[in-house]
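As given in TrEMBL:
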{"type": "REGION", "residues": "70-110", "note": "region 'Disordered'"}
{"type": "DOMAIN", "residues": "164-206", "note": "domain 'Haemolysin-type calcium binding-related'"}
{"type": "DOMAIN", "residues": "346-388", "note": "domain 'Haemolysin-type calcium binding-related'"}
{"type": "REGION", "residues": "405-438", "note": "region 'Disordered'"}
{"type": "COMPBIAS", "residues": "405-421", "note": "compositional bias 'Low complexity'"}
{"type": "DOMAIN", "residues": "528-570", "note": "domain 'Haemolysin-type calcium binding-related'"}
{"type": "DOMAIN", "residues": "710-753", "note": "domain 'Haemolysin-type calcium binding-related'"}
{"type": "REGION", "residues": "781-809", "note": "region 'Disordered'"}
{"type": "DOMAIN", "residues": "892-934", "note": "domain 'Haemolysin-type calcium binding-related'"}
{"type": "DOMAIN", "residues": "1073-1109", "note": "domain 'Haemolysin-type calcium binding-related'"}
Amino acid sequence: MSDATSGYQIDRIQFADGSNWDQSIIKAQVLKSSDAAQVLTGFASDDLIDGGIDDDTLYGGAGQDRLLGGDGADSLNGDEGDDYLNGDAGNDTLNGGAGNDVLDGGAGNDRLDGGTGDDTYLFGKGSGQDTIYYANESRVGKVDQVKLVDLNAADVSVARDGYDLVIRINGTTDTLRVTYHFMSDATAGYQVDRIVFADDSFWDQTAIKAQVLQGTEADETLAGTGSDDIINAAAGDDVVNGGSGNDTLSGGIGADTLNGEDGNDVLNGGDGKDTLYGGNGNDQLDGGAGNDMLDGGNGDDIYLFGKGSGQDSVYYAYEGRADKLDTVKLIGLNATDVSVRRESNDLLIRVLGTTDSLRVVSHFTNDATYGYQIDQIQFADGSTWNQAAIRSAVLQGTDADETLAGTASDDSIDAGAGDDTVNGGSGNDTLSGSKGADTLNGEAGDDLMLGGLGNDTLNGGLGNDILDGGAGNDRLDGGDGDDTYLFAKGAGQDTIYYAYENRVGKLDTVKLVDLNAADVSVRRDGNDLLIRVLGSTDSLRVVYHFQSDATGGYQIDRIQFADGSFWDQAAIKNQVLQGSEVEETLSGTGGDDVIDAGAGDDIINGAAGNDTLAGNAGADSLNGNEGNDLLLGGAGNDSLIGGTGDDILDGGLGNDQLDGGEGNDTYLFGKGAGQDTIYYAYENREGKLDTIKLTDLNASDVSVRRDGNDLIIRVLGSTDSLRVVYHFQGDAAGGYQIDRIQFADGSFWDQSQIKSQVMQGSDIDETLSGTSGNDLIDAGAGDDTVNGGSGNDTLSGGAGADTLNGDGDNDLLQGGAGNDALYGGDGNDVLDGGAGNDQLNGGDGDDTYLFGKGAGQDTIYYANEARVGKLDTVKLADLNVSDVSITRDSSDLLIRVNGTNDSLRVMNHFAEDATSGYQIDQLQFADGTLWNQSAIKSQVLLGNSSDQTLRGYASGDVINAGDGDDNASGAAGNDSIYGGKGLDTLYGDEGDDRLYGESGNDTLYGGAGNDVLNGGTGNDSLIGGDGSDIYEINIGSGRDVINNYDVSSGTDVLQFGTEVSLEDLWFRRSGSDLEVSIIDTNDKVLVSNWYAANYYQVDQFKTADGKTLLDSQVQSLVDKMASFGVDAGAERNLTAAQQTQLDAVLAANWQ
């Protein structure tokens, strides 16, 4: 307390050796560092504080102190007095405090703040990346300096980064950053006042500012001061900000951005794609080489441009001041060296013979008064174009493709050659396209538009315009007003295209300047009016002229000829109703029209009224539309559509398509009429009466047939026919039907008679379809298709390969002779395929399949119904149980008639254990015997003397394979399978099964479960599979092989029969197998791969008297028996000593 003078202090420390520390020595000792991080605080005197290693905090206090940080990230605080702070190694923080301090960060990235006073910052090679951090003192006269102890000016570079000054040591990563140095133009108090070099030279504030305004080859940002700066960015993509003052900014090489900001600035972009912003003041902008963007900002600005300047843009350089004077100054260029054009609202100045151009974006906005415009162009010879001269220059075209735009006054614009766009603007303008495919837009005013040569587009806009497309195929639209369209020989194929105006009293005129009425033909094409010049390909099409009967607003009101005569609207309509020999479209009016198309493939539209339309020769299309119309197709394949009203349709010669439309229509048909079709003629109105009138035919002269849903009337002895498409849709009540057929003798067939006629088959291939009632259909000979429809129908196929579809309800289907396909559909159906190999499918319901001798090889084909309680029956009409054999073939049930080739196959009967829905539920025999599903299953498990495949079910089955080389499998359940005679293969599959090979060399597979395998007589192969299996071996078993590969945890046993004792067994190794022989017999069993791996071994050997030998004990017997060296068959010939040894081993291992 009080610098050890308050009275609490110890004045000295005396040691045992007599030495003493007085107060000054005590103070010095406590300012020495240890190896640990600590806080050391000095006294009011001049202290030396050494932090040593680790991260220390040092406080100098009053006095002129020396603070040494040493190693570690130290915090040094000089406090009062002129202090020396040395951070040494580590990232240190140095705060000088009050006084004229010296701060040396040492190695590491340090933060320095001298505080108040004239401070010196030492920096040199190896100092790292230090920061003088917000070291603010705004005292007038302060002198803070950076002293580069081993560096001269040539060794460093300086740059401005935002408000910071950055000093870099060349060739290193060492830097010193002075934050906020340039705040308020380096006057805010954060600035370093001078930089002192090793040779005692220095830079003051002015020199520092000058240094940071010189660019390098790197990309950098340079910023001026509040004075008049000269900044040269040099190479690199630089950003240069002039600040206030009249600055000169040079971008040099690279894509630079120059911002003049305040003052009258000179901006030189140099090479590269530069962006120049003048800012406030009267600025001069020169983009230099490259494609530059220029914006002078506020003030009277000058844009310099010349050859080699590239493709520059004055880009949205807006200033709305009334007296502004912005100038484009063309260096080295006169008016003859450039072209000027308007592109949309842009002014484009091009240097002829080069790709150089200057675009003034939005120059012409609001007729060049909005504020984006250049006010004058100044040439090298001193001449100047003001705004009026610029406007005049852009209205004269060249040979190039260009856009020319007029002003609000009366302009005369000649586009010249090229594909040009000319916009007249307001005023009464004269627009000339000259050569090329031009677009002329008159816009407002009474304009004269001359397309000239080429395929032009002329849009009159508002006003009473005159449009002359000239030579070429032109598109014309007069727009609003009373417009005149000029057309002449050689004008090409012009179109007045959707020129709509629905004003009452409008008078649009086509003026044929050198043509009279005899020189032209007029036709209606759809809703278009087509005027053709005879003897040429010239034509004028008026699109939509006839819209709304030529009152829709698209119509030409009159046609005026060279002799002064004209056609009004009524005369035009009359002219277009007369056909010629060419293909054309003729359209009627709202009255009763008589239209004769003449020769050619013509289209005739009747419109409203009771019209008579005659197609004559050619493939014509006649549309009656409204009214009671008479349509006469004439020769050719015609299309006749009646439309609304009670129409009469006569296709005439040829194969015609007819549709009466709405109303009670009459179709005329006779000999020689061809193959006509009433095509989707739909009307579902109650009480409709559509009639086919056979003009020269009676009922005996025709046949009628149903083809799908179509009705076909054929003229006997000819190829003439009339097809009514969809007649039978909805049981001939769907709206497509003909209601009656009238014959030449006055008789007629109504709907019920037509239906009756189509149900009787013939000897040809045909399709017959029933109605919704109970139908009796006999298809006769031929390969026929018969569809019963709803109702309880009887369908007979007769001879031929027929397809019978019962559809709904309870039907009887009789295939007859031939390979037929019978589909019962819904309901309880009876299906009899008859002779031939037939496919049967009863569909839903309790169906009965009839089968007997001579029925062929029939198939019930995937007849699936999963309904609970269904009862499908196979009825064997003339067969009893003894007459047939039934077997399972994969998943099929196969019923064979003994002594014949006749069979009935039920496909997928046994799928999912005969429960999937494909199964037959019972078999009925001629004597009344019934086999249900259980009986059928049992029958197919009994074998016979042939080679068969037998398969069990999910339940526990007993399968007797009988004689023959059979294949039998138990499937799921605990099954018993007997092979009988022959070479049999038995599969237990799942469950605990018992497999008996019986006689023959058999193969037994136990599968999963605890199985018993008994090969019987013969040399058998026994494979137990998974589970605890038992292999039974008896005298007479032959030479069996056991393959006991089993990795499960079960216990497998080789069980010997009652006639075999343990003394009768001889064990020997045979390669990798174990051989066990029954002595005095030829019987033996070989356990395959016994020595290959444990999982091939059986776990126990058992005899009938209960003795057990474990697998682990087998080798003792093998070794002992092998030691006797006896041959096979001589096992009984042991010496007494050998027998004694063997008995001992047997007794020790068989338990």
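Every residue gets a Cβ built from N, Cα and C, even glycine.
When averaged over the domain 'Haemolysin-type calcium binding-related' (164-206), pLDDT in the model lands at 92. Long-range contacts of the region 'Disordered' (405-438) within its own chain (CB-CB distance under 8 A, at least 6 residues past either end) are made by residues 342, 364, 367, 391, 394-399, 444-457, 461, 463, 470, 472. Here the domain 'Haemolysin-type calcium binding-related' (1073-1109) has, by DSSP, the following mix of helix, strand and coil residues: 3 helix, 15 strand, 19 coil. For the domain 'Haemolysin-type calcium binding-related' (528-570), the residues of the chain that approach it from at least six positions outside its boundaries are 485, 487, 489-502, 506-517, 519-522, 576, 587, 589-590, 607, judged by C-beta separation under 8 angstroms. According to DSSP, the secondary structure content of the domain 'Haemolysin-type calcium binding-related' (164-206) in residues is 2 helix, 15 strand, 26 coil. Secondary structure of the compositional bias 'Low complexity' (405-421) per DSSP (helix as H, G, I; strand as E, B; remaining residues coil): 0 helix, 5 strand, 12 coil.
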